[in-house]
Amino acid sequence: MLHPRARTMLLLSLPAVAIGIASSLILIVVMKIASVLQNLLWQRLPGTLGIAQDSPLWIIGVLTLTGIAVGLVIRFSQGHAGPDPACEPLIGAPVPPSALPGLIVALILGLAGGVSLGPEHPIMTINIALAVAIGARLLPRVNRMEWTILASAGTIGALFGTPVAAALIFSQTLNGSSEVPLWDRLFAPLMAAAAGALTTGLFFHPHFSLPIAHYGQMEMTDILSGAIVAAIAIAAGMVAVWCLPRLHAMMNQMKNPVLVLGIGGFILGILGVIGGPVSLFKGLDEMQQMVANQAFSTSDYFLLAVIKLAALVVAAASGFRGGRIFPAVFVGVALGLMLHEHVPAVPAAITVSCAILGIVLVVTRDGWLSLFMAAVVVPNTTLLPLLCIVMLPAWLLLAGKPMMMVNRPKQQPPHDNV
């Protein structure tokens, strides 16, 4: 016979698995549609018209039209495509289901059009809203927070292809003063995360790891080097943190999402022309291309890091629907490769992983997620002790500093007033 605690854990296991599978399937369908549209916009259409896909006019034109299209969706769709991601954390309160169609369309347009944001925030919003709405009908005794936790865990598992990230994140958020053991509370979220990760793995494998030279043995000087690299990445990230709310306020003075996002798309197009096609889109596939291109120099990596960080700030400030984690990882990789090219004595494994740790820590202010992203992009167990040590001064630097998020005004924002 099972203990009552075990029966309590099993009670939510079936809904957890269902939510994990559904979270993954929603992500897969959205990404597939965006991929088809991206291929049409950036491969087939310019080929048919006899225009090079890296033509400045094409890049600026597509991104400007993408901004206008997303602005029209936000302007006229019910619920105005959900909340502005610049004002929201990764895991937020559930939104009304009526806002989801507009949010899905805005997300797909942004992903396909080359906007420098990832899918993580909108997908999280969609899955949480659906889980809460459906779960409240089927099992009204279960509170909204439980559905929110299960949906966010399933989405994290689906996004990263492993339940490890969910385990790390929720080990701190669920660790309250309750007498219920932590792993009892983690059971259902981990079931959801595992189901989401396994479902994603059936269709495609998220490819985060980079082909970077193996790091052999940790030395004391490597800790100092890693801390300096993380500090440089944090400094770059804090510039973006300072710029985001100011640019957001300036852009939203126009009070018209079509105009705001059209201008935002135009600026992104100019940045894309300067940085080239590798600086477009969410950044995961592009960072693989960046590492594979042996022709890039120190100045090229620096330019890509600056352009991508600027594009991230512009896209977020303009109100595009997307997340900031994936493009931040690209910035970390570019910074790390630049620092390795500048000081070849410091292994690329250290510069890249510590730069990712620093920049993701600025964006998320989540130590576990930052460690996870650094470890999966540069998968080397020898680096784990070094990353844990480097995390300590990095966390000290960011203690009490503002987050990369805009404080929502007391009144409704312009996009929701329209």
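Just so you know, the numbers here start at 1 and follow the chain as drawn.
Each Cβ is built from the backbone N, Cα and C atoms, and glycine gets one as well.
Some features that Swiss-Prot has for this protein:
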| type | residues | note |
| --- | --- | --- |
| TRANSMEM | 10-30 | transmembrane segment |
| TRANSMEM | 54-74 | transmembrane segment |
| TRANSMEM | 99-119 | transmembrane segment |
| TRANSMEM | 120-140 | transmembrane segment |
| TRANSMEM | 149-169 | transmembrane segment |
| TRANSMEM | 186-206 | transmembrane segment |
| TRANSMEM | 223-243 | transmembrane segment |
| TRANSMEM | 258-278 | transmembrane segment |
| TRANSMEM | 300-320 | transmembrane segment |
| TRANSMEM | 322-342 | transmembrane segment |
| TRANSMEM | 343-363 | transmembrane segment |
| TRANSMEM | 371-391 | transmembrane segment |
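When Cβ-Cβ distances under 8 Å to the transmembrane segment (343-363) are tallied for each of 54-74, 149-169, 223-243, 258-278, 300-320, the top count falls to 223-243. Most Cβ pairs under 8 Å with the transmembrane segment (371-391) belong to 223-243, among the candidate stretches 10-30, 186-206, 223-243, 322-342.
Between the transmembrane segment (10-30) and the stretches 120-140, 186-206, 322-342, it is 186-206 that has the most C-beta pairs under 8 angstroms. Among residues of the same chain six or more beyond the transmembrane segment (120-140), those with a C-beta under 8 A of the stretch's C-beta atoms are 15, 19, 22-23, 26-27, 30, 82-83, 85, 88, 90-92, 94-97, 99-100, 103-104, 106-107, 146-148, 150-152, 154-155, 158-159, 321-326. The list of residues near the transmembrane segment (223-243) in space but at least 6 beyond its ends in sequence, with Cβ under 8 angstroms from a Cβ of it, reads 305, 309, 312-313, 317, 328, 331-332, 335-336, 339, 346, 350-351, 353-359, 361-363, 386-387, 389-390, 393-394, 397-398, 401-404. Using a cut-off of 8 Å between Cβ atoms, the transmembrane segment (54-74) and the transmembrane segment (258-278) share at least three residue pairs, counting only pairs 6 or more apart in sequence. Sequence-distant contacts of the transmembrane segment (258-278), counting only residues of its own chain at least 6 positions beyond either end whose CB sits under 8 Å from a CB of the stretch, comprise 42, 53-54, 56, 59-68, 70-72, 74-75, 113-116, 251-252, 286, 289-290, 293, 303-304, 307-308, 310-311, 314-315, 317-320, 414.
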